[in-house]
Amino acid sequence: MATVKAVCVLKGEDPVKEPVKGPVKEPVKGIIYFEQQGNGPVTLSGSITGLTEGKHGFHVHEFGDNTNGCTSAGAHFNPPGKNHGGPQDNERHVGDLGNVIANKEGVAEVCIKDSLISLTGSQSIIGRTMVVHEKEDDLGKGGNDESLKTGNAGSRLACGVVGIAKL
């Protein structure tokens, strides 16, 4: 059974340096590692720093294009054309990985196992963009059209392209 590994370096925009009292907030950044054995689930591990405390939407977006920042990454990766949902839902985008949770220091430790994304084949996320969002993903339960598209997760704080890693 072959093992495939990948990595994603998340980088946020530099914060606006305004004349305010207090420390300047560091940009959001992180490293996420992916591993898949055969056709099994993909395990994601790593950490993200510079977040506000609480939940932040975490998704795979359709394009590996970051030429215009995280906006160039397009919508959530969704080849079957389904509505947005949570990682445990049958009705969800392939790229819907739910939320990461940042502690009071702004650090989110990522430990996710997902059976819908893949590092090979038609559901492969290789060459696509991972995005961490400003707000909590409502998992498609927000009761409005935007919830069924994005989970009302807000702006894109940091992103990076998923690439094959050395075994």
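Going from the start of the chain as shown, residues are counted 1 onward.
Note that Cβ sites are derived from N, Cα and C of the backbone, with glycine treated the same way.
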For the Cu cation site that Swiss-Prot assigns to HIS59, HIS61, HIS133, which of HIS76, HIS84 is also named?
HIS76
Per Swiss-Prot, the disulfide partner of CYS159, chosen from CYS70, CYS111:
CYS70
Want to know which recorded positions, from ALA2, HIS133, CYS159, are within 10 Å of ASP96 (Zn(2+) binding site) at Cα; which are they?
none
Where HIS93 (Zn(2+) binding site) and CYS70 (disulfide bond) are concerned, what is their Cα separation in Å, rounded?
18
CB within-chain contacts under 8 A for ALA2 (blocked amino end (Ala)), separation at least 6:
GLN37, GLY38
Out of CYS8, CYS70, HIS84, CYS159, which of these recorded positions is nearest HIS76 (Cu cation binding site) by C-alpha distance?
HIS84
Taking DSSP three-state, what's HIS59 (Cu cation binding site) in: helix, strand or coil?
strand
